[in-house]
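Annotated features in Swiss-Prot:
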type: DOMAIN; residues: 24-195; note: domain 'FAD-binding PCMH-type'
type: ACT_SITE; residues: Arg172; note: active site
type: ACT_SITE; residues: Ser245; note: active site, proton donor
type: ACT_SITE; residues: Glu342; note: active site
Amino acid sequence: MSAASPLRWQLTEHAPLRALNTFHVDATARWLLNIHAPEALPDALAAPQIAGQPLLVLGSGSNVLLAGDPPGCVLCFDNRDITIIAHHADHAIVRAGAGVNWHGLVMYSLQQGLSGLENLALIPGTVGACPIQNIGAYGAQVSDFIHVVEAYDRGSQQFVRMTPAECAFGYRDSVFKQQPDRYLIVAVEFNLPLLHELRLDYAGIRDELARMGAELAGAADVAQAVINIRQRKLPDPEVLGNAGSFFKNPLLPSEQIAALQASFADMPVFPGEQPGQGKLSAAWLIEQCGWKGKREGDAGISEAHALVLVNHGSASGAQLLAFARQVAESVRERYSVILEPEPRVIGAHW
């Protein structure tokens, strides 16, 4: 059964979600709300079938583990427009709808001669999801280039324009993650430079550029290098169900880092997000505990990258979650370091 306002929104009952999550686990939405025109949100949310119900927003389902059926209503944004709304001498403002494919936006910006997003190429997901996690990779994070986040505030029942400061961005964090039931992101405006200093901090990118023969690398070359690396390291979700990196790299006080290095001299440490803080490699910790390439039933860790939880076929969300908990517990027992998941876990507690 479905209800709709022509061309603006559609509501479907008992909708299967297997095709809407990259782990390819079975789950069912009591109601699935597709939003074609964001301005229709207030009317759609007032529909009697879903009014007052919990909402779960799914982009491409690439940052969620459905460990059970989500309560209430699942919402998908289908607005996929990209517009350059302002040109300046050294930068442009690009607006993208929440339903735009993230990698598609990265490639579009490069085709327009704009830079900034190249290190974030091939990250799965949609534009609407990118501010929630403050997605990042290879030394860059999306908050560095966000101009405004356009959202619907369910508290005030108003559309709002939020500056980066109001978004409270942190390492894989934001106000949208801290208050998941308040804001519905409908579009994002990006401030993208025509030229900027390339981020080549990671040796892997420099090595890949050398392999490509890109001696005077530009932003498009960096994007291609990132694509090459990610395709080698990360399994294609269409072939092997996964959500990319499943665990966050732990941020710890410098004193705890020093104590760990005293016991484990070969432990790699990276600069933290703040003074007095360091970052550990979750992949290294997991690999040292012997989990890389292991599996139980159809739940496992990728053979290529220890951060990637994979579904080899028919694992349920609950089975994947149980396996991930085993991995995290073994790291805690050996290193006294607590691993946290990057994806949002639905239907169970971490």
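From the backbone N, Cα and C atoms, a Cβ is placed for every residue, glycine too.
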Pairwise CA distance, the residue listed as 'active site, proton donor' versus Glu342 (active site), rounded so that it is a whole Å: 7
Other CB atoms within 10 A, centred on Glu342 (active site): 19
Surrounding CB atoms that lie within 10 Å of the CB of Ser245 (active site, proton donor), all protein chains: 23
Three-class DSSP secondary structure - Ser245 (active site, proton donor): strand
Glu342 (active site) to Arg172 (active site) - Cα separation in whole Å: 8
Spatial neighbours, same chain, of Arg172 (active site) - Cβ under 8 Å, 6+ residues apart: Gln133, Asn134, Ile135, Gly136, Lys248, Glu342
